[in-house]
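**Q** Here TrEMBL flags 37-58, 70-88, 103-121 as transmembrane segment. Marked as domain 'SGNH' by TrEMBL: 147-354.
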Amino acid sequence: MPGVALLLPCILTALLIHFSAKESWIKSFLSFKLVVWIGKLSYSLYLFHWIFIAFTYYISGEKELPQSAVLPIIFLTFIFSILSYYLLEQPIRKSKLTFKQSFLLLYLIPSLVVIGFNLSVRSHIKNKTKYLKDKSVEQNVIPLNIPSKILTIGDSHAGHLENFLNYVGSKEGWRSDILNVHECILFVDKMGNLKKNQKKDCAEYWKKIESYPVIFISMFYELKRGGSPVPRFNPTSYIVKNFDEEFQALVKYLAKTKKVYVFANNISLNRSALRNAFLAEYKLDKYLSPIQKLTDNKVSNNEILQLVKDIPNVTWVDAVKYLGDTVYVGKKTIYGDQDHFTSFGSYYMGTLFHEKERLLSPQLVSELYK
């Protein structure tokens, strides 16, 4: 629904029309040749400014327009509007095309061209993005051909651990399934009781969770806890009420009957690493501020650690410490966007982790697969 603030331009427009109808300084101002000329360009200005604003948002990856981009946007908007007005709008207005000719030449053919171009460009960008992702993969990390005795649960920050889990699991002799539980992120209330009247999907997820003897947990904790800044346009919509209490209660509940491993969260970036790699091929990245971490999540990870460190049967896993603030390894990108690993990034973290640590002890692996 439109906000109350939109009443302001409506009221101002009404006042403008009212005072323009009679002799006043407003009418005199609007009669200046320059103002009249800008008025003639107004429709083109309206159309083109959104294009350049959209491209600027895409290239910069910022939530707000960079100040350095404002003047170029204004300049380009005026240039394209002038060209559009004199080369398209005016000649078309003065043409003597019939309705059928106008429909064919001005609507149907341009629409088909735009649709075709859009499909072509979309396919190109999709293939290019896939190429950039695929070339980052060191190898296809195939899990062992054994039953999955472990379930990794959480949000998309559980899903992007797939190659990490496949690599480490293949080295240690185990296999994990991954379950994105979506909005059913917490199944236990802060009193430690399993929530009643859960949605059907949540009940199905919980049934699956109960069938595994080992649970890995990985989430975008800062997002759920209301941390700031986070790479989302509407971060408040992701906040989970009483997250800390209910997360701790969930871990305690699971740890009564299972081995539970809680993973530290990775850093977030100020803009997309994969998009930066795409822009670099067109030399556009040099106009942007360097990619760096958006915020230091060590404090948030430590707060999650404090919630779970004293719970029996719970192990804290800080695999991301081996990546540090690294974003690229050679020409390969670790992050696909601002906070998710590429296939290579997930795999690469697995190789670094395996060099230094074991995730599951040999004894536990033997017990799981005896």
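Each residue, glycine too, has its Cβ placed from N, Cα and C.
TrEMBL labels come from automatic prediction, so no person has curated them.
Owing to the predicted nature of the structure, the values given are computational and were not obtained by experimental measurement.
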**Q** State the non-local partners of the transmembrane segment (103-121) in its own chain: residues 6+ outside its ends, Cβ under 8 Å from one of its Cβ atoms.
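**A** The answer is 92, 97.
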**Q** Need one number: mean pLDDT over the domain 'SGNH' (147-354).
**A** 92
